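**Student:** One structure coming up, written as structure tokens, with questions to follow.
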Amino acid sequence: MGPDVPLLNDYKQEFVWKRFPQTLLGGPRLKLGYCAPPYVYVHQLVLFLTPWLLGGIGTLLYQLRVLDEAFAGVVSGVLMLGVGATLQGLARCMAHRTGVVERLPAANNILADEEEVEFTHCVAPETVHFVVPGKKFMGNVVLHTFLAGALCGLSTWYLLPDRLSGLYGHTGAGLGAVVPLFALSWMTVCIGEYSLIVNTATETATFQPQDTYEITPLTRPLYILTFITVDLALRFSGSGVVELQVAAQVLHILFVALPVLWALGMLSPLDALLLWAMEQTLVHGLGGSAMSTNIRLLVMFLSSVCVATCTFFIPSSLGVVLFTVAMGYLLSQDLTQLLVLVKGTSPTLGLGWWGLPLSLMLIIGALTEAGLLHQLYFINSGNLTSVEHWESSIVPPSPQEVVGWILLALFLLTRLLRELQGACVLGGAMVNPLYPKRVMTAQAFRQKTRGLRVAGIIRRILLNLVSPLAMIAFLSVDESLEKVHTASLAIGFTRAFRMVWQSSEAALLQMVLVVIIRLAGGHRVAHWNDLGTTVQLILVSLVVNRVSQFVCKLSFALTVLITSWTESKQRRQSAGTLLALNAALFPVLLGVVALSALLSAPLLPLFTLPVFLVGFPRPLRSWPGTPGTACPCPDSVYYQQLCKRLASAIRPAFANGAFGPCTPGSHYLGRFQGRLLWISVLERGYGYCTINIKGLELQETSCHTVEARRVDEVFEGAFDHVERPGQCFRLLNPHWGNVLTPCSLLPVRVYSDAQNVLTGIIDSPDHLRQLNSDFLKTFVWILLRHCVQELTRGAQRTKGHSLQTSGRKSQSSQLAVPSEPGPAVVKVDMDSHIRPESSSSSRLRGQDSSSLSSFADWSDEDDLFGPVPVRGPIRMMVRTEEGQTELGLGVSLPGSVEIHSLYESMALSSLPTLRPLGLGLGLGLPIVDKGKDNVPSLTSTTVPSNPQPLHFTSPHSELFSLPAEWQTAQLASSKLQVLRPCFPEAWFCFCLSQLVVESFGEGDIEQVTLGLQEDRDLRELYTQVVLSCCVALGADAQVFSPNLLFRLYCGDGPWTEGLEWLRANKELHQLTLRAFRYSVKLLVDQASLGPVESLDELYTTLQDYHDNWFIGLVTDRTWQDSVAQEKPFLFSLGHDLTMGTYTSRVLSLQENLVQVGALNEEGVRGQWANLSWELLYATNDDEERYSIQAHPVMLRNLTVQAADPPLGYPIYSSPPIHLRCL
């Protein structure tokens, strides 16, 4: 779409213009989209001014000296309490009267459907509900009412004219300044009271999508109470504290500006404010880290406060050192991993129980070093202070100065080694000449980065072992330890010793800056040396953090500003005007950027245009919920498989420094083929890091494609660096200024997706002619293997019931009970395996029958298609060697047809139409009508029954017998007769020989194989089943068409004579479909790699398909399961309707290189802040809105996708992942 797409559509523009005045005034709805009676506006205006009127009564009584200031405030508060209680009681009364009955809207327009109300009179229920909606919870009714009274009383006290005159009297401000201040301040109070007790406005600063517990009404009153608290502190201090007096004067001025700040969304809602305050205090005041969840943040904050409090009460400086070193190490660990160990599972990508003794050794060494240095080198207060040594050439250097030089060397060395690890250096401005270029395989990448990995290991040792010990030495000999009983130094030492572990790299930088300031003569600056080293570290930490944020925010602002003109597709008609305004008001722009950096708040580009606002302060995660929420779809499984593999590859990259400082709040973008991964750092401690990985959609929308193409170009510029002419510019990053900076390549075991057009293969008559033969061979192989799997799984279930068998015909055999099919093939010994009943046995003797009765309790409880009812012993008719029939007691076999009592006493020869193919062998019977004595014989159009039951000549043939239901197809005999020559008898014999070798243990394998291959009844059985399924599936065509092949592959073939029978036998249908899909895969492979030249090669190929491939459809559930289980290869067919071509898709699990780059974290926070404002306040959910359009420099569309739901829509989001990064 063009750059001038509307920022808001017409309906949303009208909606926002109605909502904004309500937000500005705190709740009164003075602008409606329809005509309303005047009393509706009068009611709201009177209620809005009520606090001022009630406060004016108290103010007047005080000014007339009827009451003192305290009682004047009490009077105003009690009056407001009564008004609030009356309003809330009236609202609840009207709500009970109306109940759930609601008036239907009178108009049909969209706006009326949402907001229009029909007013009948001034105190009607709908009028009261419109003006005072009431509270959902009774507790909030009481709380908000009392808070409204207290707020009015304290505001009366806060805004007394005499108080204002006394506060600003010495400044020369007269009555002309006090009166406007008094009036505008009461306007602020009225706005806060209205939102609390009458009707709450929708805030521009919205953190939660839904205000479930009615916290929003408390936001404005509590900000007012915060201002009043400072004035109360000044009153009770006797006005002797100059700082408090100056603060009170400034806050009285800001009090007037509160409505504007609320309307602009610069002040946080209470939940965001609380989380932000805890996070900032924990990071900069207590030495901790931003946490991955709100619960962890609260627990860590309280724990850190307790440690700092305990430090204050420790009497000995040595005790302080040992306690803070030990507690700093413990708090810098993720102790929840101990719970994982206790539960018996290994920590996520961690060291397991080995980490405990290693940690114990490290902390013991650190405590020993700290204690010895403190005792041996602690300088008494009477000696020369350490700062006097820093520039002296006569006095020998102090121990702290020596350690300071060591820290400086360590910092330079570790920073240099970190810069060498990444693909770009100097903040992304230049390409690293030492980083390998144009590597295509993971093995080549490892060979070329061997030197960089050695440098990374050296950096790890220096940063994780040497630097913490050196920093502990620096702090242990600090002279301010003797004054540790001040609150500031107790907090300072708690923070400093914890930062040594929590963030060693940041702590090293801060200590080096303190050392440099001292070397530069900073100790001569007034009050600097009096602060102490640890308080200096706190100040340096704040300055470094805010300066870093300022640089990132300014870079983001300039990117938005410049690209609004340079990118032609982003150039709106207003671009020139906005550029001119930003140039003219550039100092104001710098002030906005500086203020947002000072507050650690996001810089909000309104609608992602170069119109910048200060967003409200919020946690670094930007979202209120716990990471891990996504909008799943079938493609999510690819990211699920990739997630853990990627996390394993990220560990060494984080530890070596290839990703830069990697602080909480950092964001990275990974790219591999069509997949885009969003990696967020949530938490960082000593030797560990917690991250969240999101997967973005794989659909190639226009916006997604534009930005993905630019991402590829950015990575190609760094990893496939093309030499440019000129020595000065050949190493410059061509995409410097983009929010994405290339970092590293990661070898990851991931699915590579290859899609090919099958033109010339699937439509080739030569290839298609071979498909029928391949299908028959494949189906024979699958049926035989299925029998072996059924046998071996059944043998595992019933190995306690094994009976000895003989290979002679005269000996009886035992029934093999098949069980749930499985992929494993277990070898069975020929002399002890469970053998099915043979049709050639002489008769069932008594002992055999008693043995068979042990199977009466058999049931296939694990059957894939549902349980089979348990059957008791039945009478079985068995043909003897003399050709007579006898009745014997046996069990019902799965898949067999029971002969009921109607035929128990009849000979089989008298039942020609019911003559079975193999009674007692699990073979089926044709369908008959039991109510008729004379059943007509089958017509010539159907397959006739065998005139005699099957006589398996091999005692092992029953191992490969097929269920009875699979042999009951009523098909025309002419079709099967035509196909009989196509049955691959040589292949059938070859497969039997191979399976005998694989399935049986020691024994006379050659004799068994020969007996099976010569068994004609077994061959006839497979011929009938294979050809019947071939006809039923519709695969009996001499030459396939591409359309028919694709439909049969998808299981959606045309109707055939036996299709319903085949579908009724679900297991057989699945095996038939699998065989056809295998044959299609075989066709594609032979067309690409050459024909199969031998039976052994064909057998090996099919075995490879079975073991390493999933061949099916992308839409199948088993496809997703195979990806999650990391099946080595997956194959599917597709049809491109637009191009009219057939395609194949192959997923190959192999080690590939994933490209990863760092994103401008402030750019991400700024765009997410605008997304939150635009969707939660302006409700601009238009899918074609301007702020979601492709921006190749800001990556706007991808950033919106990566936001947490419901505002974003990643298709996969991992829970917080703990990584060990030592």
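From the backbone N, Cα and C atoms, a Cβ is placed for every residue, glycine too.
Quick paste from TrEMBL:
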{"type": "COMPBIAS", "residues": "801-816", "note": "compositional bias 'Polar residues'"}
{"type": "COMPBIAS", "residues": "838-855", "note": "compositional bias 'Low complexity'"}
{"type": "DOMAIN", "residues": "1045-1215", "note": "domain 'Pecanex C-terminal'"}
{"type": "REGION", "residues": "795-823", "note": "region 'Disordered'"}
{"type": "REGION", "residues": "835-855", "note": "region 'Disordered'"}
{"type": "TRANSMEM", "residues": "39-64", "note": "transmembrane segment"}
{"type": "TRANSMEM", "residues": "70-87", "note": "transmembrane segment"}
{"type": "TRANSMEM", "residues": "141-160", "note": "transmembrane segment"}
{"type": "TRANSMEM", "residues": "172-197", "note": "transmembrane segment"}
{"type": "TRANSMEM", "residues": "250-277", "note": "transmembrane segment"}
{"type": "TRANSMEM", "residues": "298-331", "note": "transmembrane segment"}
{"type": "TRANSMEM", "residues": "351-373", "note": "transmembrane segment"}
{"type": "TRANSMEM", "residues": "457-477", "note": "transmembrane segment"}
{"type": "TRANSMEM", "residues": "508-527", "note": "transmembrane segment"}
{"type": "TRANSMEM", "residues": "578-599", "note": "transmembrane segment"}
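Map these features onto the structure and tell me what's around them.
**Tutor:** Residues 47, 50-51, 54-55, 57-59, 61-62, 132, 144-146, 148-157, 160, 193, 197-198 of the same chain, all 6+ positions outside the transmembrane segment (70-87), place their C-beta atoms under 8 angstroms from a C-beta of that stretch.
Long-range contacts of the transmembrane segment (250-277) within the same chain: residues 20, 23-26, 164, 167-168, 181, 184-185, 187-188, 191, 203-208, 215-216, 218-220, 222-224, 227, 230-231, 294, 297, 600-601, 604, 613-619, 624, 1173, 1177, each at least 6 residues beyond the stretch ends and with a Cβ under 8 Å from a Cβ of the stretch.
For the transmembrane segment (298-331), same-chain residues at least 6 beyond its ends with a Cβ under 8 Å from one of its own Cβ atoms are 278, 281-282, 286-288, 291, 359, 362-363, 366-367, 370-371, 374-375, 378, 472, 475-476, 481-482, 484-485, 487, 490-491, 493-502, 686.
Tertiary proximity for the transmembrane segment (457-477) is limited to same-chain residues at least six positions away from its ends with a CB under 8 Å from its CB atoms, namely 321, 325, 362, 365-366, 369-370, 373-374, 377-379, 386, 398-400, 403-404, 406-407, 410, 413-414, 417-418, 421, 493, 496-497, 500-501, 504-505, 507-508, 511, 533-534, 655-657, 686-687, 1222.
Sequence-remote contacts of a segment are chain residues at least 6 beyond its ends whose Cβ falls under 8 Å from one of its Cβ atoms, and for the transmembrane segment (508-527) they are 387, 390-391, 404-405, 407-408, 410-411, 414, 463, 467, 471, 474, 499, 533, 536-537, 540-541, 544.
Residues 546-547, 549-550, 553-554, 557, 561, 564-565, 609-615, 617 of the same chain lie 6 or more positions beyond the ends of the transmembrane segment (578-599) yet place their CB under 8 Å from a CB of it.
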**Student:** Checking distant contacts: for the transmembrane segment (39-64), what same-chain residues at least six beyond its ends satisfy Cβ-Cβ under 8 A?
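**Tutor:** Distal contacts: 25-26, 28-30, 71-76, 79-80, 83, 87, 119, 122, 127, 130-132, 152-153, 155-156, 159-162, 186-187, 189-190, 193-194, 198.
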**Student:** If you average per-residue pLDDT over the domain 'Pecanex C-terminal' (1045-1215), what number do you get?
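**Tutor:** A mean pLDDT of 92 is what the model gives the domain 'Pecanex C-terminal' (1045-1215).
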